[in-house]
Amino acid sequence: MLGRLAARAPAKINLLLEVGPARPDGFHDLLSVFQAVSLEEVVTVTPAATFGVEVRDPQGRPVPGIPDDPQHNLALRAALAVRAGRPELPPLHLDVVKEVPVAGGMAGGSADAAAALVACDAFWRTGMGLPGLHPFAAVLGSDVPFALHGRTAVGTGRGEHLVPVMTTARFDWVLVLGEEGLSTPAVFREFDRLALEHPPTPPRRDSERLRAVETALRAGDPVSLGAALANDLQPAAVSLQPGLARTLEAGREAGACGVLVSGSGPTVAWLADSHRHALDLAVLAAERFGPDRVRTVHGPVPGAQVLEAVRR
Ligand code: C5P
């Protein structure tokens, strides 16, 4: 029997996020291009008397504001989903090391769930693999399937139907983290309120904006990708946190190839044209917003995977 097993899963940036009108179930149909980036969550599972979860930052400090009960914690819900109908499997304790900002629009909670799915499947030897885990992922949250698969992909539906996008290039980003989180449902509600004046049309797979992003990705060209970045949730995020407009403007002034709010925000992503350029932009961002709020990342990176397994 294993004594412990660790798995990782990445955060994401939405390079494109087209949002349709609210559906009868309250969700919105999306057309999204996700890119997995080099901020990650690590979930370590160990056998325990009962299920439980602890969330810490990379320095080992507890992270406040994350539920630890099995109804709400996404990593615990993922573990319980894999164990459903198999009471013989031993309960696990989950230790989460969180690099991804909480309520930041980068799918950190979804990465916890994806890492937990992969860790539990490997620990218990349930043998589901990615195809078997995908249906659980889609039920846990709209962004969990992408955190499982990683790299760069077009997502449709709630974001759970994924098709990989071919790109061999590496893209370098500077992230400016928000001072306070934004609730995803609140941003979608604000989107609906703003949509009363400008009703959105359902996203279409033949969208010109999608073609522009795919062409730039295929060419590996950060300048055209920067021009093609678009997020329909950005006006709603800026409406709830008007200071985001300054963070976007600061990126443009600093010479980023493109800037946008990631997902429902409030993380703002500045696209650089090289690693060197990202380091220069990060210096400017740190002077303006403080080093604690700035991260330099690159993408695409792989989806959820096992890091290590240790025997007892
Ligand atoms: O699926 P997930 O739990 O991540 O979604 C969080 C919330 O974001 C949903 O409850 C819904 O309010 C909103 N949402 C949406 N349409 C989507 C995805 C999320 O309205 N496609």
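Cβ atoms are placed via backbone N, Cα and C, with glycine included.
All annotation found in TrEMBL is predicted automatically rather than curated by experts.
As written in TrEMBL, here are the features:
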type	residues	note
ACT_SITE	K12	active site
DOMAIN	73-150	domain 'GHMP kinase N-terminal'
BINDING	P101, V102, A103, G104, G105, M106, A107, G108, G109, S110, A111	ATP binding site
ACT_SITE	D143	active site
DOMAIN	215-278	domain 'GHMP kinase C-terminal'
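Counting only same-chain residues at least 6 apart in sequence, those with a Cβ under 8 Å from the Cβ of G105 (ATP binding site) are L182, T184, A237, V261, S262, G263, S264, G265, P266, T267.
Secondary structure by DSSP for the domain 'GHMP kinase N-terminal' (73-150): 45 helix, 8 strand, 25 coil. In the three-state DSSP classification, K12 (active site) falls within a strand. By neighbour count, meaning other C-beta atoms within 10 Å, the densest spot among the binding-site residues P101, G109 is G109. Calculated from their C-alpha atoms, the gap between A103 (ATP binding site) and D143 (active site) amounts to 13 Å. What surrounds the ATP site, by Cβ distance within 8 Å of the Cβ centroid and not counting P101, V102, A103, G104, G105, M106, A107, G108, G109, S110, A111, is the set A11, V100 from the same chain. Along the domain 'GHMP kinase N-terminal' (73-150), the predicted structure has mean pLDDT 96. Between the alpha carbons (Cα) of P101 (ATP binding site) and K12 (active site) lies a span of roughly 11 Å. Within 10 Å (C-alpha to C-alpha) of K12 (active site) lie the following recorded positions from A107, G109, D143: A107, D143.
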